[in-house]
Amino acid sequence: MKYILVTGGVISGIGKGIIASSVGTILKSCGLHVTSIKIDPYINIDAGTFSPYEHGEVFVLDDGGEVDLDLGNYERFLDIRLTKDNNLTTGKIYQYVINKERKGDYLGKTVQVVPHITDAIQEWVMRQALIPVDEDGLEPQVCVIELGGTVGDIESMPFIEAFRQFQFKVKRENFCNIHVSLVPQPSSTGEQKTKPTQNSVRELRGLGLSPDLVVCRCSNPLDTSVKEKISMFCHVEPEQVICVHDVSSIYRVPLLLEEQGVVDYFLRRLDLPIERQPRKMLMKWKEMADRYDRLLETCSIALVGKYTKFSDSYASVIKALEHSALAINHKLEIKYIDSADLEPITSQEEPVRYHEAWQKLCSAHGVLVPGGFGVRGTEGKIQAIAWARNQKKPFLGVCLGMQLAVVEFSRNVLGWQDANSTEFDPTTSHPVVVDMPEHNPGQMGGTMRLGKRRTLFQTKNSVMRKLYGDADYLEERHRHRFEVNPVWKKCLEEQGLKFVGQDVEGERMEIVELEDHPFFVGVQYHPEFLSRPIKPSPPYFGLLLASVGRLSHYLQKGCRLSPRDTYSDRSGSSSPDSEITELKFPSINHD
């Protein structure tokens with residue numbers, strides 16, 4: 001097993017996750033099996049109770065693990081399925097060690113950070129690195145480990161110390177360290193500054209880790225003189241200084257690393273059993289990157305949510321939209337709308353914001369209402385859903401978005417003016433959305449319906465069923481405490497709101513579609529978590545197709561895109577492969 005540790009310096013949020021994912025991608029394209037671990041030095045057990053403003057979105061895994069959004073990057077880049085133990089937090093490690101101490105496993109010893117916490121970290125990494133993450137079930141050969149935060153943070157000290165010991169335990173030829181640092185370029189001088197990187201590497205060396213590659217994040221490509229200066233002061237060869245400047249899309253990052261000889265370096269440094277030249281997989285990335293840069297037509301989607309000031313709050317949603325837009329050869333324009341701005345009360349308090357929000361909504365090609373929690377802004381979302389339904393605008397509601405679509409329909413079509421979710425109005429006489437039996441009101445963490453669940457289609461006459469390849473069922477990831485009340489199902493269906501997908505027991509409403517509408521769909525699950533660059537998520541793909549007016553044509557053709565719309569578009573591509581790469585959708589395994 002080979003281990004690659006990715007650390008960061010100067011500032012957090014520098015792009016360690018994308019660098020780690022890209023390193024994994026180029027190694028996977030060389031034929032290796034790659035897994036990844038994300039270490040978060042916070043004391044929370046998991047990311048489940050975070051505010052989206054605090055740490056971005058909460059990413060959900062197959063096993064129900066609520067984890068850091070970087071694990072979403074790993075899954076999308078490497079097309080793998082991770083588990084909750086691939087996200088290691090200080091809280092998890094301390095809980096693990098304290099539980100062992102309570103059981104008497106330390107035989108009366110004084111339990112300390114060194115060696116007990118550091119040993120537990122090393123054991124966890126070595127154990128988790130061997131868990132298969134690919135569909136073929138083979139054991140990984142390389143484990144990419146991203147250490148969150150920046151070098152020097154007091155929280156990450158036990159982890160740095162653990163890896164200082166770890167490099168000797170697994171031997172030098174099996175461990176290497178990539179250090180990601182910032183090279184700022186102040187606008188006043190226009191000169192690229194190396195001092196932050198020098199200080200960051202010096203601090204890392206002082207803690208006992210020596211970087212093998214120094215990856216410099218910068219706005220423009222590094223000058224040769226700057227590279228040589230970093231090489232001299234950071235005690236690495238010039239070819240070990242890698243420049244990752246700002247690029248048009250993240251699909252370019254693996255290509256950027258490969259062009260600078262990263263594969264050759266790993267080949268020598270880690271003695272990897274691979275060919276020098278990454279093959280077919282990187283050609284797909286090159287095609288995607290080239291294709292992304294050539295897009296001319298634009299499709300605009302109004303994203304009506306609560307956390308729109310911070311795009312990381314909807315990271316997977318945005319990626320799912322991008323994957324689908326790329327698949328139909330369109331540039332994506334997301335119009336972020338704070339749902340509270342659409343509410344009538346805003347028209348009195350801040351009329352300009354109110355009119356700007358409605359202007360954005362009315363000018364969009366499609367409307368998306370993603371998941372969320374809490375009552376703030378829900379009336380604005382209901383207004384947006386009503387507008388999309390009445391104006392025949394393509395609409396997708398995810399999780400809370402689906403629940404509010406049912407609330408809106410109940411109020412405006414069935415005439416139940418007080419219809420609501422018991423989350424927002426516990427005393428309503430028409431509780432069309434109710435909390436689930438699993439929900440434990442006394443505790444917040446881990447009390448939701450989480451992870452991959454099966455949904456069965458109830459009818460053959462369904463747009464969503466066709467988008468999923470006419471399958472009998474689908475398996476997607478969930479994260480919710482509330483659900484549509486099955487008591488009102490008959491009343492809603494009689495008026496045209498059809499529940500075309502339900503859970504295996506037939507008790508939970510999973511997919512809703514409106515008759516006589518171009519595309520009005522709600523899903524209780526979160527399809528964005530399984531979207532991949534080459535395998536877009538069907539609900540998002542349907543929304544994008546409907547938004548550009550191509551959905552009915554696509555369904556008539558048996559759910560096949562025209563050649564100009566698939567990844568077989570090879571204009572300007574020098575790929576040696578002759579086969580056509582069809583667009584794929586999440587695999588449905590029939591038992």
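Any Cβ shown, glycine's included, is placed from N, Cα and C.
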Can you tell which of K100, K460, K490 Swiss-Prot marks as N6-acetyllysine?
-> K100
For which of S188, S574 does Swiss-Prot record the feature phosphoserine?
-> S574
From S36, S311, S552, S587, the annotation phosphoserine in Swiss-Prot is attached to S587
Based on the annotations in Swiss-Prot, which residue of S210, S562 is described as phosphoserine?
-> S562
Cα-Cα, C399 (active site, for GATase activity) versus H526 (active site, for GATase activity), nearest Å, comes out at 7
Lowest 10 Å Cβ neighbour count of the active-site residues C399, H526, E528 is held by C399
Taken over the domain 'Glutamine amidotransferase type-1' (300-554), the model's mean pLDDT | 90
